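S.K.: For reference, the structure I am asking about is given below.
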Protein chains: 2
Amino acid sequence: MLSVFSDEYFMKEAYKEAIIAFEEGEVPVGAVVVCQNRIIAKAHNQTERLNDSTAHAEMIALTSAFNHLGGKYLPDCSLYVTLEPCVMCAGASFWAQIVKLVYGASDPKRGFDRLSENILHPKTKVIPGIMESECRYLIDDFFRRVREK
Amino acid sequence: MLSVFSDEYFMKEAYKEAIIAFEEGEVPVGAVVVCQNRIIAKAHNQTERLNDSTAHAEMIALTSAFNHLGGKYLPDCSLYVTLEPCVMCAGASFWAQIVKLVYGASDPKRGFDRLSENILHPKTKVIPGIMESECRYLIDDFFRRVREK
């Protein structure tokens, strides 16, 4: 059973968003923003639907969280995302000043960590590898199907 | 006189956007996206107005350009921006696959170049320093006024 308010609990919610993306034919990445143990924003990748290659789950979730809280920073918030953020999304988390970044599968090709850890805000704690195998399988399965088409 | 279709010409248009930001009390950064010598998107920083620290001129201009062209990449487009893009915006330009990035003032504190040139798409040509002194003066003047308040 999942403990309420654990990293696994919130990652499971991000994973549900990734599943929605998968079903919509989008690269299956999902994200949630959590503030004081409450989910204040959920989003999934919408690059195809919006015809916008910057419409990543994290960007949409962060903007939704700003709207929800009415402030331009998210200093008490954590970002959960099923795939290691790219440089753009890690840079967005810097501006948001999030306190914790939790991700599932790593992304050796486009993940922020391949370039520099300094992309993140100094106060952002990083927790990688939560539900890693499920998140990885979903991405791999998506691209396998794309290649078979 | 400005030559039509020169980098200075398009940077002047980005600068006009930065002036609008200045007048609205925003950090004065402006951007335009140019496709085949035509401006298809203009934007200025709106972090205060939208209460969103990711609402940078470049992000808004790129999304506007995607909407205009109806495609999720901008392979024939150039991005003109008055200040060196941050990591987030440089990362966005990677996804957009822009062919040319032209900027005015450098940003030694938050500019993408302080971390890695590899943030940009391999095909993106960079031209820094167009209208550098005007762009720099505008930013410095803005922060001087903020400090004096």
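Placement of Cβ uses the backbone N, Cα and C atoms for every residue, glycine included.
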S.K.: Among B:HIS56, B:HIS121, indicate the single residue that TrEMBL lists for the Zn(2+) site containing B:CYS86, B:CYS89.
M.R.: B:HIS56
S.K.: Which Cβ among the binding-site residues (B:CYS86, B:CYS89) has the fewest C-beta neighbours inside 10 Å?
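M.R.: Selected from the binding-site residues B:CYS86, B:CYS89 on minimum Cβ neighbours within 10 Å: B:CYS86.
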S.K.: Could you list the residues of the same chain, at least six apart in sequence, whose Cβ is under 8 A from the Cβ of B:GLU58 (active site, proton donor)?
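M.R.: Correct list: B:ALA31, B:ALA43, B:LEU79, B:VAL81, B:PRO85, B:CYS89, B:ALA92, B:SER93.
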S.K.: Which residue counts does DSSP yield for the domain 'CMP/dCMP-type deaminase' (B:5-115) in the helix, strand and coil classes, in that order?
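M.R.: Breakdown, helix to coil: 43 helix, 28 strand, 40 coil.
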